[in-house]
Amino acid sequence: MGQTLSEPVVEKTSEKGEDDRLIYGVSAMQGWRISMEDAHTAELNLPPPDNDTKTHPDRLSFFGVFDGHGGDKVALFAGENIHNIVFKQESFKSGDYAQGLKDGFLATDRAILNDPKYEEEVSGCTACVTLIAGNKLYVANAGDSRSVLGIKGRAKPLSNDHKPQLETEKNRITAAGGFVDFGRVNGNLALSRAIGDFEFKKSAELSPENQIVTAFPDVEVHELTEEDEFLVIACDGIWDCQSSQAVVEFVRRGIAAKQDLDKICENMMDNCLASNSETGGVGCDNMTMVIIGFLHGKTKEEWYDEIAKRVANGDGPCAPPEYAEFRGPGVHHNYEDSDSGYDVDADSGGKFSLAGSRGRIIFLGDGTEVLTGSDDTEMFDNADEDKDLASQVPKSSGKTDAKEETEAKPAPEAESSKPADGSEKKQDEKTPEESKKD
């Protein structure tokens, strides 16, 4: 079981912004964990590389979520620097944004590896980002954070969760000399792509893309239409608890109620937060969530009105009205979400609440979103986790699942996180050797 506090840290760090193209909100919460290891970036309007407006005629926006494990150092570095590093890539400067994102992820990895300040660093992080250029979204992902597009209330994931048991990931891992055991890379790391985690990137004979764990991202390009309402980027602290479709419907209800996007993020995190930390699993993780709304030439008020009108007319699925209520941390809603229409929820039967079905929800590379059968008491137990993976995943997918966990390993000392009043939370009586990092 991972280390948890006697009470969750429910204070949230939130921000919002807008221009004539986009509106966004973001929020982050430490929750039950003893420290905050998530980071994020939200850049509404970035100048083009070298101020070259001929090659880059569209305004550029960049948003990302970085879920750390083993410490916060790599996640913080990525959140503060990855967009600048991406913009410096020659491929990006030439206008090839997809390749620029791929090159930028690997360059971020190299920058950390080559910085003497991080010489002994053992932590890593996911990276799920979106670049918005004109009417195109470029989503780059390494790890199991996720981007999901809301299309008139229907969820369309724009990233795949990189889990070691996926066939393509397992093939790379084994070809590089690693193995997958209990759903983990070398029996340790339960995601197969990440920035950092350099202990899995030591083969001098292999390219960065072919290491046991790689920072090389998948990139999805999507051309926006009037039906595309918003994009959600979040860490697995959200996706462990809710299906992609459930999140989209929740966000849509908040928009219909004219709530600010950062407040919708806060409400979602409160809804995901576990009522207690006895299990230390689902609902006990750090949580970070970004919502980006696409105005399509409308004002912010017109955008809100348009979505509210669609909801009132039954134009696409939406959560019930009570989901716009702010009930406070750990007070859960419960209802069956809708079929997204994008073949991501057929096997999950995803519930909107921790009070409903329990277990880890993952989006697999074959387009299937799976709700595992595990009770969250197993999520932080290395001995028991994934012992019945074959029964948890539909046979047609041929894939399995594991909650992202790493074996306990020493990490550089980081500043401790405290609540706003400066008081410290009492930790459960667990030693680091008895705990695993998320």
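Cβ from N, Cα, C; glycine included.
The Mn(2+) 2 binding site annotation in Swiss-Prot covers Asp67, Asp236, Asp285 and rests on similarity to another entry. All protein chains shown were included, and the count of other CB atoms within 10 Å of the CB of Asp236 (Mn(2+) 2 binding site) stands at 26.
Positions annotated as Mn(2+) 1 binding site by Swiss-Prot: Asp67, Gly68. Annotation for Gly68 (Mn(2+) 1 binding site): spatial neighbours Glu37, Asp38, Ala39, Val74, Ala75, Leu76, Ser123, Gly124, Cys125, criterion Cβ-Cβ under 8 Å with sequence separation of six or more. The secondary structure of Gly68 (Mn(2+) 1 binding site), as reduced to three states from DSSP, is extended strand.
If you look up Swiss-Prot, you'll see 375-387 marked as compositional bias 'Acidic residues'.
Swiss-Prot lists 398-438 with the feature compositional bias 'Basic and acidic residues'.
Mean model confidence of the domain 'PPM-type phosphatase' (23-294) amounts to 97 (pLDDT, 0 to 100 scale). According to Swiss-Prot, the domain 'PPM-type phosphatase' annotation covers 23-294.
The annotation region 'Disordered' is assigned in Swiss-Prot to 370-438.
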Q: Would you pick out, from the binding-site residues Asp67, Asp285, the residue whose Cβ has the largest number of other Cβ atoms within 10 Å?
A: Asp285
